[in-house]
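*Asks:* According to TrEMBL, the protein carries these features:
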ACT_SITE  Glu293  active site, proton donor
BINDING   Asp269, Glu293  Ca(2+) 2 binding site
DISULFID  Cys93-Cys101  disulfide bond
DISULFID  Cys213-Cys227  disulfide bond
DISULFID  Cys303-Cys346  disulfide bond
DISULFID  Cys499-Cys534  disulfide bond
DOMAIN    76-432  domain 'Glycosyl hydrolase family 13 catalytic'
SITE      Asp360  site 'Transition state stabilizer'
Amino acid sequence: MGSNEDSHPEISGQQAQCFDNLFWIRQHRWLSTVSEYILKEQSAMLLNIIIFAFALLWTQIHCATPEQWTQRSIYQVLTDRYARTDNNHSAKCNTTERVYCGGTYRGVINNLDYIADMGFSAIWISPITYNIEGTTGWGEAYHGYWQQDLFKLNSHFGSVEDLKDLSDELHRRKMYLMVDIVVNHFAWPGPANEVVYSKFATFDSASFFHPYCIVSDYDNQTMVEQCWLGDKNVELVDVNTEDSRVVSTFQGWISSLVSNYSIDGLRIDTAKHVHKSFWPAFNKDAGVFSTGEVLSGNVDYLCDYQNYLDSLLNYAIYYPLTQTFSSTTKNMSGLISIHQQIQKSCKSPKSLLTFASNHDQPRLAALTPSLALRKNALAYTMMSDGIPTLYQGDEQSFSGRSDPDNREAVWVSGFDKTAPLYTMIQTLNKLRSWAGRKESSYWNAMSEVVWNDSNALAMRKGQVVALLTNKGENMSLETVKVSNPGYAASTKLMDVVACQEAMVGQDGVLSVNMTKGEPQVFYPLDGLSWSGICQPWLGRTDRLRLP
């Protein structure tokens, strides 16, 4: 099987022990039989000893801290649309039908090499809980967001053992597992006045939910937090997360979920629709890194949620990023302004998930047909602040505009590792990880825009300088002079995207030719030895191994 060991961030001794403990527990499932025997013999003392021992061990397992997550990059997997158990790459998946297409946890396991070889060190999978069965006015619950029972799995994706095996395989590869969860609502396949609350396991009466109302004003925070999403086809019945019974149930549930499946991180759906005070204790009981979906481009509004959660999806940068790189005439100033505002306003910009599309937004290729522009947009997500997050299929230039068209099956691509965006992302993942090993301050450094004009910018993070433009493939040859790249005079550099050398002038200015609108990402030439990046000129082709 393939490996991405050369593109993983450094793994500490404590973290390696964490992975070893996870693997040990999974390999010793016979312990449950021992526990059953102890219960049968009614030996309370022995049982308490085992429980205490495992509690100590579990504190070692939960070692994926927010700081360690910042050194990762995430590949978003829409479980039903990534890979099938039978590995049938010609299986049809008509997105307009809105039905299950057959993607499974076993399919993900069988095709992890594709993700790992692209350099990603974590995956984010769809919600795993039991959903509405059958069809609705909006099709089937193939996406996983229409839950009805917290304590059962969605069997369409696989069994309990399949999910545990996926977790095991990721940890064997020293990769992380992020699971999408829904706290805000339960789903009902019909209008609000027909909800049968007894169908919701655990929360089986109306008393656990907010009374019906619709969100008609998104500037009204009370309405945002207490009114219902959805419509008469599928109502998203809003859970009353101010109710102490609800709070207690969710806290116990998330602790067990993380423990049972050895989860390293959580992506929280519709986080802004839950009262903020709910999140700190929930995050603590989860014991792992949590990032929330707060769908807002307002920097101050978004950043405030980082006082309650570890991380957020960076929608504040998503909007100017996609606008800037979807037009050859858009001025860079808007993107730069928001980039700098986030650095000033957010508690930890490096913990935010930086992305250019997802399952709720148009594909990048739908907004930006130009391959050169897409390369620049994705290079920004990879080399800027935050945790780079790629939505499955963007590396294959999938172009669905909106739900359900943007939920294509990845298997139809044949998992092509030669696609131009795949290879560029592979290189940038490798460089990002390498820079983190070479430079002690890289992971904590904030990216700084050191030069810009109306259609280009140079952004520096540590020893990496990314030169990006939105002029597109048709731009004429142009010499750009970056007056303050931060390198010493006469420093030799490598543009790792094109594997072309450059040199800083005696005056400290970096002069480079830009053509065809391609991004250029520079790193000091003498710092790339043994990196495996732009191999031929180094004369080294073997892969590195992690300590």
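Note: Cβ is positioned from N, Cα and C throughout, glycine not excepted.
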*Asks:* How big is the gap, in Å, between the Cα of Cys213 (disulfide bond) and that of Glu293 (active site, proton donor), rounded to a whole number?
*Replies:* 22
*Asks:* Which whole-number value in Å describes the distance between the Cα atoms of Cys101 (disulfide bond) and Asp269 (Ca(2+) 2 binding site)?
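*Replies:* Rounded to the nearest whole number, the Cα-Cα distance is 22 Å.
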*Asks:* Work through the disulfide-bonded residues one by one (Cys227, Cys303, Cys346, Cys534) and name whichever has its CA nearest to the CA of Glu293 (active site, proton donor).
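*Replies:* That would be Cys303, the closest of Cys227, Cys303, Cys346, Cys534 to Glu293 (active site, proton donor).
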*Asks:* Got a sec? Which of these disulfide-bonded residues, Cys213, Cys303, has the most Cβ atoms within 10 Å?
*Replies:* Cys303
*Asks:* Please work out the number of neighbouring Cβ atoms within 10 Å of the Cβ of Asp269 (Ca(2+) 2 binding site), leaving out its own Cβ.
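*Replies:* Within a 10 Å radius of the Cβ of Asp269 (Ca(2+) 2 binding site) lie 20 other Cβ atoms.
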*Asks:* Using a 10 Å radius around each Cβ and all protein chains in view, which of these recorded positions has the most neighbours: Glu293, Asp360?
*Replies:* Glu293
*Asks:* Hey, of Cys93, Cys303, Asp360, which of those recorded positions are within 10 Å of Cys499 (disulfide bond), Cα to Cα?
*Replies:* none
*Asks:* Between the recorded positions Asp269, Cys303, Cys346, which lies closest to Cys93 (disulfide bond), Cα to Cα?
*Replies:* Asp269
*Asks:* Measuring Cα to Cα, tell me the gap between Cys303 (disulfide bond) and Asp269 (Ca(2+) 2 binding site) in whole angstrom.
*Replies:* 17
*Asks:* Would you kindly give the Cα-Cα distance separating Asp269 (Ca(2+) 2 binding site) and Cys534 (disulfide bond), rounded to the nearest Å?
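*Replies:* Asp269 (Ca(2+) 2 binding site) has its Cα 39 Å from the Cα of Cys534 (disulfide bond).
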*Asks:* Please report the distance from the Cα of Asp360 (site 'Transition state stabilizer') to the Cα of Cys227 (disulfide bond), rounded to the nearest angstrom.
*Replies:* 20
*Asks:* To the nearest whole angstrom, state the Cα distance for the pair Cys227 (disulfide bond) and Cys346 (disulfide bond).
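*Replies:* That separation, Cα to Cα, works out to 27 Å.
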*Asks:* Using a 10 Å cut-off on CB atoms, tell me which of the disulfide-bonded residues Cys227, Cys499 is the least crowded.
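*Replies:* Candidates: the disulfide-bonded residues Cys227, Cys499. Fewest Cβ atoms within 10 Å: Cys499.
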